[in-house]
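I have placed the structure first, in the form of structure tokens, so that the comments after it can refer back to it.
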Amino acid sequence: MSNKNKKSGGAGNGAAQKQTRQQSHDSQDYSSFKIVLFYCMLIVFLPVVTFFLLKGFVLDRFFSLSEVKVNIASAVGAVVSLHIALGLYIYRAYFGATGSKAVKED
């Protein structure tokens, strides 16, 4: 009878540990999701914003360039900003995740 009491007492403790571990994994997953979402938004919107800022505010107002040259320069600026955003994402993915190691669970 004492074995049953020990097993039932340990099962409750194991369930609490499992729940705590699950909450920890959920927290890590949410943190990873926020990071990936941030970089996705950066990769999508930074080039668009860069293109229109360069075209509308910088190149048209301060330089006397033709419309085609303004569009080309704005597109080049957008491509450069895209490469910067991708480089930041790759750097973060490669070097930034040193603290979270994959742990095998049985």
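Easy rule for this one: first residue shown is 1, then count along the chain.
Each residue, glycine too, has its Cβ placed from N, Cα and C.
Straight from Swiss-Prot, the features:
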REGION    1-26  region 'Disordered'
TOPO_DOM  1-32  topological domain 'Cytoplasmic'
TOPO_DOM  54-69  topological domain 'Lumenal'
TOPO_DOM  91-106  topological domain 'Cytoplasmic'
TRANSMEM  33-53  transmembrane segment
TRANSMEM  70-90  transmembrane segment
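Long-range contacts of the transmembrane segment (33-53) within the same chain: residues 74-75, 77-82, 84-86, 88-89, 92, each at least 6 residues beyond the stretch ends and with a Cβ under 8 Å from a Cβ of the stretch. For the topological domain 'Lumenal' (54-69), the number of residues in each DSSP class (helix H, G, I; strand E, B; coil) is 12 helix, 0 strand, 4 coil. Nonlocal intrachain contacts for the topological domain 'Lumenal' (54-69), taken as residues 6+ away from its ends with a CB within less than 8 angstroms of a stretch CB, comprise 77-78.
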